[in-house]
Every structure is written in structure tokens, then in C-alpha cells.
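**Q** Pulled these features from Swiss-Prot for this protein:
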MOD_RES   T2  N-acetylthreonine
REPEAT    6-98  repeat 'Solcar 1'
MOD_RES   S7  phosphoserine
TRANSMEM  8-37  transmembrane segment
MOD_RES   K23  N6-malonyllysine
MOD_RES   K52  N6-methyllysine
MOD_RES   K52  N6,N6-dimethyllysine
TRANSMEM  75-99  transmembrane segment
BINDING   R80, K92, R235  ADP binding site
MOD_RES   K105  N6-acetyllysine
TRANSMEM  110-130  transmembrane segment
REPEAT    111-201  repeat 'Solcar 2'
MOD_RES   K147  N6-succinyllysine
MOD_RES   K147  N6-acetyllysine
MOD_RES   K155  N6-succinyllysine
MOD_RES   K163  N6-acetyllysine
TRANSMEM  179-199  transmembrane segment
TRANSMEM  211-231  transmembrane segment
REPEAT    212-297  repeat 'Solcar 3'
REGION    235-240  region 'Important for transport activity'
MOTIF     235-240  motif 'Nucleotide carrier signature motif'
MOD_RES   K268  N6-acetyllysine
MOD_RES   K268  N6-succinyllysine
TRANSMEM  274-291  transmembrane segment
Amino acid sequence: MTDAAVSFAKDFLAGGVAAAISKTAVAPIERVKLLLQVQHASKQITADKQYKGIIDCVVRIPKEQGVLSFWRGNLANVIRYFPTQALNFAFKDKYKQIFLGGVDKRTQFWRYFAGNLASGGAAGATSLCFVYPLDFARTRLAADVGKAGAEREFKGLGDCLVKIYKSDGIKGLYQGFNVSVQGIIIYRAAYFGIYDTAKGMLPDPKNTHIFISWMIAQSVTAVAGLTSYPFDTVRRRMMMQSGRKGTDIMYTGTLDCWRKIARDEGGKAFFKGAWSNVLRGMGGAFVLVLYDEIKKYT
């Protein structure tokens with residue numbers, strides 16, 4: 001194997017392992033966030049049974065669905081997240097070679113910053129093309145509030161993918177893909193671009209104290225998450241459309257979804273679950289730092 005291939009494989013492994021560990025740890029927060037985002041578009045959650053907020057959600061989930069339901073959709077998320085994050089990190093470095101080749105970060109700051117934004121955004125969009133059906137399934141499984149058996153919309157990951165494919169074809173598994181690409185470019189651009197730029201400005205980036213790295217990563221994930229959150233809400237709502245027919249369809253398309261959420265629920269609705277997203281972002285910050293630490297030993 002060439003040095004480039006070995007480097008690519010190390011990036012893939014380090015990113016994937018770090019992501020799988022952190023995602024499982026924050027899975028309960030992730031599910032709360034998803035339920036708050038999509039409950040208005042769920043056939044299972046009637047208006048009188050909607051969650052009032054994070055605390056209400058955390059209290060009611062174990063009572064109504066059991067404690068283990070906090071991890072509903074987590075298998076799909078781990079399977080999805082391993083290649084997603086691994087591909088993001090691996091492609092990020094490849095795109096950095098394209099966008100940042102020959103750029104001096106000290107004398108060409110804005111070009112360096114723009115190159116980091118471009119490489120982060122392109123990496124996120126590229127990896128999304130490969131794993132979107134898994135992201136779709138994770139969302140639908142997390143949104144499934146049935147207690148067990150017949151009450152559940154889907155029995156598991158495979159059942160979800162098969163049912164939606166039979167009902168809507170491949171299009172159903174990619175529902176909300178366009179707005180996802182828009183959101184992922186914004187999120188990844190900030191996530192990687194600002195993080196790498198900030199680390200690059202440090203006197204000795206390779207030997208930065210882990211606490212400083214974590215603080216930078218924490219700030220980056222919070223800002224990136226809030227900036228792209230409305231796009232995430234719209235894409236999750238669009239995912240809830242798959243498998244529906246006729247009058248059950250709430251939104252005719254992405255623009256209609258944006259318009260109806262703003263008109264019927266107000267601007268705040270785009271940010272439902274955003275606070276839990278910031279908490280979840282601690283896991284994302286941990287991934288960035290853990291990835292750098294793992295790479296030191298590989």
C-alpha cells in the first residue's frame with residue numbers, strides 16, 4: 001500500500017471508531033431532539049399527546065415506551081455514523097489538498113479560511129450521498145413512539161427500509177435529500193472549517209492541550225449546529241412524509257414545508273429541540289478531539 005492509502009485508511013478507522021463511541025453515549029439526547037423536531041408531522045403523536053419540551057420528553061419516554069427506547073434507532077445511527085464520519089474525515093483531508101495546496105495560512109488567512117470551509121462542506125455533501133437511506137431510517141425509527149409489537153410502525157432497521165422502498169421506491173429513502181445537502185454543507189463547513197482554522201492559528205497545533213482542543217471543538221459544534229438547525233428540522237419533517245398517501249401528505253415539497261412551518265407554528269418551530277442539540281454537540285466536540293488523539297497513535 002502507498003503512504004497515501006495508509007493515511008486514508010488511518011483517517012477512516014480513527015474517525016469511525018471515535019464517532020461510534022460518542023454517538024452511542026449521546027443517543028438518548030438525540031432521540032429527544034428528533035421527537036421534538038418531528039412530532040408535528042407524526043401520525044402516531046396526536047396534538048394532545050405532543051411533548052411540551054425536553055424535560056417532558058425525558059420523563060414520558062421511559063414511562064410510555066420503556067427505558068431502552070431511548071436508544072431506538074441507535075443501531076441505524078451507529079451503522080450510518082461510522083461510514084459518515086469516517087468518510088467526512090477522510091475526504092476532508094483529500095479536499096484540503098485540493099483547496100489548500102500551496103496556501104500559506106499565515107500570509108493568506110482568508111484564502112486559508114475559505115479553503116477550509118470548502119473542504120469541510122464538500123466532504124459532508126459527498127459522504128451524505130452514500131449513507132442517506134441509513135440516516136432516513138434512523139430518523140423514522142427514533143420517531144416511532146409505539147410501545148411494542150403492533151403499536152410500532154417499524155420492527156427495526158431492515159423492516160423500515162423494506163417498507164418504505166416497497167411503498168415509495170428509492171425516492172422515498174431519499175426524501176428531504178436536497179435540503180439535507182444544503183444543511184450539511186453549512187454545518188460541515190463551519191464544523192471543520194472553523195475548527196481547523198482555529199487550530200491552525202495556534203502556535204503548536206499538534207501539541208495543543210486536550211482541554212483547549214475540546215473548548216474550540218465545543219464552540220464550533222454549538223455554532224455550526226444552531227446555524228444549520230432550521231435545515232435539519234425541514235429535512236426531518238420531509239423524511240416523515242415517506243410512506244404517506246393522499247390527504248396524509250402534509251407538505252408538497254421542501255419550500256412548502258418551510259412556508260407551512262413558519263406560517264402555522266412560527267419561527268421558533270425551526271429550532272425545536274435545539275437546546276438538546278447543543279448538549280448532543282458535546283458528543284460531536286468529543287469526536288473531533290478524540291479523532292486528533294487517535295491519529296497521534298496511528
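Just so you know, the numbers here start at 1 and follow the chain as drawn.
Note that Cβ sites are derived from N, Cα and C of the backbone, with glycine treated the same way.
It should be emphasised that the depicted structure is a prediction, and the values quoted were computed from it without experimental measurement.
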**Q** May I ask which of the recorded positions K23, R80, K268 is closest to T2 (N-acetylthreonine) if we compare their C-alpha atoms?
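**A** If we rank K23, R80, K268 by Cα distance to T2 (N-acetylthreonine), first place goes to R80.
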**Q** Using a Cβ cut-off of under 8 Å, list the residues of the same chain at least 6 residues beyond the transmembrane segment (75-99) that approach it.
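**A** 7-8, 11-16, 18-20, 23-24, 27, 30, 114-116, 118-120, 122-124, 126-128, 130-131, 134-135, 137-138, 141, 156-157, 160, 188, 192, 196, 287, 291.
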**Q** Compare the C-alpha of K105 (N6-acetyllysine) with the C-alpha of each of the recorded positions K23, R235, K268, and give the closest one.
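**A** Spatially nearest to K105 (N6-acetyllysine) by Cα position is K23.
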**Q** Can you give the largest Cα to Cα distance in Å, as a whole number, for the residues R80, K92, R235 that bind ADP in the record?
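**A** The ADP-binding residues span at most 24 Å between Cα atoms.
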**Q** Return the count of C-beta atoms lying within 10 angstroms of the C-beta of K268 (N6-acetyllysine), excluding that atom itself.
**A** 9
**Q** R235 (ADP binding site) to K23 (N6-malonyllysine): how many Å between their Cα atoms?
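**A** Here the two Cα atoms are 20 Å apart.
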**Q** Across all protein chains in the structure, which of the recorded positions R80, K105, K147, K155, K163 has the highest Cβ count within 10 Å?
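**A** Top count of Cβ atoms within 10 Å goes to R80.
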**Q** For the motif 'Nucleotide carrier signature motif' (235-240), what are the same-chain contacts with Cβ under 8 Å, counting residues 6+ beyond its ends?
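**A** For the motif 'Nucleotide carrier signature motif' (235-240), the list is 34, 37-38, 40-42, 136, 139-140, 143, 175-176, 179-180, 183, 250-251, 254, 257, 261.
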**Q** Return the single residue from the modified residues list (T2, S7) that has the minimum number of other CB atoms within 10 Å.
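**A** Looking at the modified residues T2, S7, the Cβ with the fewest others within 10 Å is that of T2.
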**Q** What's the CA-CA gap between R80 (ADP binding site) and K155 (N6-succinyllysine) in angstrom, rounded?
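**A** With the alpha carbons as reference points, the distance is 18 Å.
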**Q** Helix, strand, coil residue numbers for the repeat 'Solcar 2' (111-201) per DSSP?
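**A** Across the repeat 'Solcar 2' (111-201), DSSP assigns the residues as follows: 75 helix, 0 strand, 16 coil.
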**Q** Compare the Cα of K52 (N6-methyllysine) against each of the recorded positions S7, K92, K147 and report the nearest.
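**A** Sorting the recorded positions by distance from K52 (N6-methyllysine), the top entry is K147.
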